[in-house]
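For reference, the structure is listed below as structure tokens.
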């Protein structure tokens, strides 16, 4: 019986194929290489045990702070900046003061804008950070992110989107607000949606978009043991072009509280006919600032009901249904502050009455920023064909 089985052509082909697979496995270096073939590429090797200071190499940047604008006709910046250092140190203590952050970033212009002086940047990237009552986290992010991005030789601007009031936090809706307001300023090439408590650990993780589809950038967080928690995870830090953002109708507006919106967004990407790309695990390293659970950002009890409806609701819930009241647009020395009233959860309890800003929260922080603000210089209005993204609020 065994002999007849071995004489069958399909059995012989199976045996030959198995032998070839084993030979390939051994020639490529065993399990690690095989996993790189059939899993996700681990990418180049970096030594994270000897990180560089995040302010390394900034002295090599051309151009003096406050000098004349760069002349026209500059060559394009290199595709990969020669100023990159790889792994950088991330420290959560002490929390730097605003004065220290401003002093260490003299090339940053009002509104948190930067443009390299010696070459024409290949990408104009808007960093959009949803925020409420996380001042220490915000200072750590600003201290860390400005030099990180300057070494990449990008033109960039940082937008911090404050949710006014005491209602339930809505991260995804704040990101929609940030995208719309950022595109009123400039025709950005790339939109980086960035949680305030995540600090990048490797400047080879370029803050640029992929024209082929949305990028999920925070692929290896210390919170998850520097690995992706599950294949469709799209949380933390992501990057989309304005066209990609509009194609998926932006982010959902109905997720009040913690959880669910990341999975909804990943589903939108698929339903819009796009695919998620990621940097190698060895590059997309992030450290999360430790914090307790936020009051007003409790677990969303409706998230699973909303996820079930995503396939039918994504074309109606997003940028085309976004409503909010813009309360403030302020140019600080380190970022553009956008304060918006985005309403309250229609399914939850009514928000308690009180000041628009939680006690001890962003109001004092913002006032300190404004006291240090240089004279405001309004940016040019975009003439890009993103009318739907820049529509009225």
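For all residues, glycine too, the Cβ spot is worked out from N, Cα and C.
Taken from Swiss-Prot, the feature topological domain 'Cytoplasmic' covers 1-10. As annotated by Swiss-Prot, transmembrane segment applies to 11-31, with the evidence given as sequence analysis. What Swiss-Prot lists as topological domain 'Lumenal' is 32-393, and the listing cites sequence analysis. Taken from Swiss-Prot, the feature N-linked glycosylation site applies to 57, 166, 337, 385. Summarising the annotation, Swiss-Prot assigns disulfide bond to 77-119, 190-209 and lists similarity to another entry as the type of evidence. Here Swiss-Prot flags 130-134, 169-171, 196-197, 226, 258, 291-293 as UDP-alpha-D-galactose binding site. Among the features that Swiss-Prot reports, Mn(2+) binding site is placed at 197, 291. Swiss-Prot lists 260, 261, 262, 263, 303 with the feature N-acetyl-D-glucosamine binding site. Residues annotated as region 'Disordered' in Swiss-Prot: 339-393.
In this structure, of the recorded positions 57, 166, 170, the smallest number of CB atoms within 10 A of the CB marks 57.
The two recorded residues residue 77 (disulfide bond) and residue 196 (UDP-alpha-D-galactose binding site) have their Cα atoms spaced 28 Å from each other. The local packing around residue 130 (UDP-alpha-D-galactose binding site), expressed as other Cβ atoms within 10 Å of its Cβ over all shown chains, amounts to 24. In the shown protein chains, 17 other C-beta atoms lie within 10 A of the C-beta of residue 226 (UDP-alpha-D-galactose binding site).
When Cβ neighbours within 10 Å are tallied across all protein chains shown, the highest count among the recorded positions 119, 196, 209 belongs to 209. Within 10 Å of its Cβ, the residue among the disulfide-bonded residues 77, 190 with the fewest other Cβ atoms is 77.
A Cα-Cα distance of 34 Å separates residue 166 (N-linked glycosylation site) from residue 226 (UDP-alpha-D-galactose binding site). Averaged across the topological domain 'Cytoplasmic' (1-10), pLDDT for the predicted model comes to 52.
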